[in-house]
Amino acid sequence: MKAVVLTLAVLFLTGSQARHFWQQDDPQSPWDRVKDLVTVYVDAVKDGGREYVAQFEASALGKQLNLKLLDNWDTLGSTITKLREQIGPVTQEFWDNLEKETEVLRQEMSKDLEEVKQKVQPYLDDFQKKWQEEVELYRQKVAPLGTELRE
């Protein structure tokens, strides 16, 4: 009985995080992924730094100096948050402009490649024709040798 319950629990708990094919979530843009990673990193640094500052203030040296670093750390954290909020739209605008410019370049490159393809196509056709003729000549030359070896 325990094995059945354990098996069902593992089955449902691991399957509950699965992504079904009918879910139509839009994929996250690279910029959103970078923003999320930076946010996670900054939050981790803030939390880790807060712990170290609290430990320092609790120590004898911290009590003796009475620097109140924890208050300064909180101020620094709120300043970083405000800065991130102010920089967000500017960086988003930068990435949007970059995407537009790269799209224009991509279209120009596609057009140029199509022109090159059209210019090169006659040469490729001529090469293929000559190649087929050469192969046919070699076949004709080798055919008597093949029949000779079979006999």
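Glycine is no exception: its Cβ is also placed from the backbone N, Cα and C atoms.
Features reported for this protein in Swiss-Prot:
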type    : residues : note
SIGNAL  : 1-18     : signal peptide
REPEAT  : 67-88    : repeat '1'
REGION  : 67-143   : region '4 X approximate tandem repeats'
REPEAT  : 89-110   : repeat '2'
MOD_RES : M109     : methionine sulfoxide
REPEAT  : 111-121  : repeat '3'
REPEAT  : 122-143  : repeat '4'
**Message:** Can you tell me which parts of the same chain pack against the repeat '1' (67-88), counting only residues 6+ beyond its ends and a CB-CB cutoff under 8 A?
**Reply:** 35, 39, 42, 46, 49-50, 53-54, 56-57
**Prompt:** Which number gives the other C-beta atoms within 10 angstroms of the C-beta of the residue listed as 'methionine sulfoxide', all protein chains shown included?
**Reply:** 10
**Fill in**
the repeat '4' (122-143) resolves under DSSP into 22 helix, 0 strand, 0 coil
**Message:** Treating G and I as helix alongside H, and B as strand alongside E, what does DSSP give for the repeat '1' (67-88) in helix, strand and coil?
**Reply:** 20 helix, 0 strand, 2 coil
